[in-house]
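Taken straight from TrEMBL:
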BINDING   Ser78, Tyr147  Fe-coproporphyrin III binding site
BINDING   His207, Glu294  Fe(2+) binding site
Amino acid sequence: MWPLTWADPGWAAASAQRHHGRVSYPGSYDALLYLSFGGPEGPEEVRPFLENVTRGRGVPPQRLDEVAEHYHHFGGVSPITRLNRDIMARLGTELADRGMDLPVYFGNRNWHPLVEDTVGRMADDGVRRALVFATSAWGGYSGCKQYHEDIARAREAVGDRAPDLVKLRQFYDHPLFVHANADAVRRAYAELDTSSREQARLVFTAHSVPLKADEQPGADGSPWWYFRQVHETARLVAEAAGVDGYDVVWQSRSGPPSVPWLEPDIVDHLDELHAQGVGAVVTSPIGFVSDHLEVVWDLDNEARQKAEELGIGFARADTAGTDPRFARMIVDLVTEHLDGQEPRKLSALASAGCTTNGEPCAPGSC
Ligand SMILES: CC1=C(CCC(=O)O)c2cc3nc(cc4[nH]c(cc5[nH]c(cc1n2)c(C)c5CCC(=O)O)c(CCC(=O)O)c4C)C(CCC(=O)O)=C3C
Ligand SMILES: [Fe+2]
């Protein structure tokens, strides 16, 4: 077991106990679980991965065939796992630099290393209580509630030995997340030639989700949270990048056409912008933490091709995960939680998602 300690007493909270220049937190944490989505790492893994993602979700088989092709286009390998390992490497360095002795474990919802196996390994290693960082900035079902379900399922699979798992909050409006995205937007503008730069429209994208008409606005897992937060992040990023006008659109819709999802889609929106006479776009995939398959296929491939057909200039901003500030933000979320600090957030809209052992995310609770 590894007690969480600080080499630098400057990080200490009033409640911490100091001895030998290190600070330990009574009743605190042995580890950090980095929880993500997962992705295939070879052609034979594509189909079973997709079966895991869509189990019981009513995604039509034709859509699965189509998405399988996107993965096969890249040799059956999603970049997501490599990118997560890169982020975890920077996270390890950041923790070490701050003198925090907190081992990081990696588990995924849909592919290896599966969170069930990781939590089992944590128990084997004697971890009794761990923090969880999930790689989604958002509320709503896919971004928040489903990660709580993952936590509960993994603990159930491990049984009595399972550590307590305390999830960190949603980070859609964390200043380091917002500024990493804003600087990426500035760099993307700089990629356009000078004449298109001046008239380029800033277009934010996030993963579309199904709208459930009968749902209580703001209820746990509701698309309402997700929608509001994506719009807040877009506003904050545009402001920090010094851009006045912008649009928020959606991408990567699945599910049967009869079911309503958030619209418009980025590709349709390019037609609309073209009709308005817009000559260039900068797209910013704020909905995603890294350049995984939905970004490199749906934006770098489909949307870029559509823009070329229409003769519209096109640049895509980097995702926040590659920015060193992202790993710093994760450690800030840890210290914020441990020290009971006021959340560092730029929006007045609530954050949630900080519950224990997969209890539902109560809006406004963090
Ligand atoms: C809100 C949201 C995020 C952002 C928050 C978060 O990051 O969690 C996200 C992330 C991701 N989604 C991903 C991949 C997929 N999502 C699918 C399907 C779906 N996503 C949904 C929503 C979201 N998804 C929904 C409502 C569905 C319908 C079925 C269901 O209700 O679950 C499908 C099935 C095929 C298809 O229908 O497209 C795949 C393959 C990958 C990994 C990509 C890679 O491999 O690099 C990542 C990071
Ligand atoms: Fe998805």
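Keep in mind that glycine also has a Cβ here, set from the backbone N, Cα and C atoms.
In the three-state DSSP reading, Tyr147 (Fe-coproporphyrin III binding site) counts as helix. Taking a Cβ distance under 6 Å to any atom of ligand 2 as the criterion, the binding-site residues Ser78, Tyr147, His207 reduce to His207.
Every protein chain considered, the tally of other Cβ atoms within 10 Å of the Cβ of His207 (Fe(2+) binding site) stands at 23. A separation of roughly 9 Å, to the nearest angstrom, links the Cα atoms of Ser78 (Fe-coproporphyrin III binding site) and Glu294 (Fe(2+) binding site). Secondary structure at Ser78 (Fe-coproporphyrin III binding site), taken from DSSP and collapsed to helix, strand or coil, is coil.
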